[in-house]
Amino acid sequence: MSSKPEQKETHQANGAVLPAVPMDCLVSPDRGQLVEPSNFLGPDGVGVEVVVLESRANAKGVREEDALLENGSQSNESDDTSTDRGPEPASPLKETSFSIGLQVLFPFLLAGFGTVAAGMVLDIVQHWDVFKYVTEVFILVPALLGLKGNLEMTLASRLSTAANIGQMDTPKELWKMITGNMALIQVQATVVGFLASIAAVIFGWIPDGHFSLDHAVLLCASSVATAFIASLVLGMIMIGVIIGSRKMGINPDNVATPIAASLGDLITLALLSGISWGLYKELESKAYVNPLVCAFFIALLPIWIIIAKKNAATREVLYSGWEPVIIAMAISSVGGLILDRTVSDPNFAGMAVFTPVINGVGGNLVAVQASRISTYLHMSGMPGESPETAPRKCPSPCSTFFSSDVNSRSARVLFLLVVPGHLVFLYTISSMQGGHTTLTPIFIVFYMTAALLQVLILLYIADWMVHWMWGRDLDPDNFSIPYLTALGDLIGTGLLALSFHVLWLIGDRDSDVGD
């Protein structure tokens, strides 16, 4: 039989809808090689010739055929490469500046009030005996508060990316991510807590040349116990926040890291103060308690290592993720050394209450930006696979803050949150009479200048660092945030100390600095 060129009927064959094709169109190079035609009867009894393609149509042919078919199906089963594919996760990056600001604002304020509470706690506990006679505990403060950047914020960024790209959609995948990551951060917390105590002993010994074995063991026990318990509590909170965010249709990248910080500083500082005070009390009568505490938490390490190694997602981080958290801990300890040298100086009165605030706000904002950029890159492939997304040189400030790119838009939003956020936090501290510092206009100007400069530097470094790590086949979720939050601690503490020093030099006695 011969087919009629004017015929338009379509017929069902093996589940695919096939059009009637005239014979003079069968040799089109876009349609592939043909096999023997098959004959079918149309509804009116007239025979039509149906042609089945031997090879897959190219992309152009598929698009042309989709336009012909009412139901959008393709002419051959082999053409359908998306069969049984589940719904793709919604992109979190199609956001306006308003939506970004709205989602970030409330977690940012919550995190800020958490840092204010931590500052108020530090302002009180700095007068306890353990802080007076074992001053190295001050060196532990930024290092252990920085664990939220080293561990919890990294965990939040890692799980946010996994949730956004659909790796936590099934209960089995979710449970594997939870167990592996919780075991991983317990390993990291124990090791980093131990190393932080060693750094505190060294930084405390170098200036004075004085070493006490009892104080060294006290620092080790306090640091390891605080890091372990705080990471356990905050890790569980982070998992709940990310799961809840996805169910509510909120981008976890915008809320998870600030919420990690909102409770992180307060919980960690409260634990450090309480544990160190309790162990200091036991030091005189029961000196064996401190070594036992250290031994107990270190003995649990093999259990967490075995659990983390069983999960493919955390096995790589277990082997290769130590460099950023250890270096970040060392950077934060330098900030702790600055705090230790200034907090007892009358000319720097108020440093204790403001340090967690300025460091926490800067770390929270840059962690959000780093998490967002990392998710953006993960949507283009795997680390190292998309060299066009990794700039070979430092980006210009204009491209970081003033381009039309979605990451530049979020950088502008986060930077604009600094001044109103800090004004709220400063007012809260003043109303609670914390820091023994009056908020004069000149004090606010110096403080805001330090805060704006800190966040400006951090956002610029984040834009370069995340892309640089991506181009070097490193996952930014695991490597960037520890460095950035540690730099935030160091830059924030340094700029704040400089501001207080300048205020003292110009004689701003109305702010009670130095009184």
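The backbone N, Cα and C atoms fix where each Cβ goes, and this holds for glycine too.
Per TrEMBL, compositional bias 'Basic and acidic residues' is recorded for 1-11. Residues annotated as domain 'SLC41A/MgtE integral membrane' in TrEMBL: 141-275, 355-498. For 1-21, 63-94, the entry in TrEMBL reads region 'Disordered'. Marked as transmembrane segment by TrEMBL: 104-124, 182-204, 216-243, 255-275, 287-307, 319-339, 411-430, 442-461, 481-506.
The stretch in closest packing with the transmembrane segment (481-506), judged by the count of Cβ pairs under 8 Å and taken from 287-307, 319-339, 411-430, 442-461, is 319-339. Proximity of the transmembrane segment (411-430) to the transmembrane segment (442-461) is established through 3 or more Cβ-Cβ distances under 8 Å for residue pairs spaced 6 or more apart.
Here the domain 'SLC41A/MgtE integral membrane' (141-275) is broken down by DSSP into helix, strand and coil counts: 120 helix, 0 strand, 15 coil. Taken residue by residue, the domain 'SLC41A/MgtE integral membrane' (355-498) breaks down under DSSP into 111 helix, 0 strand, 33 coil.
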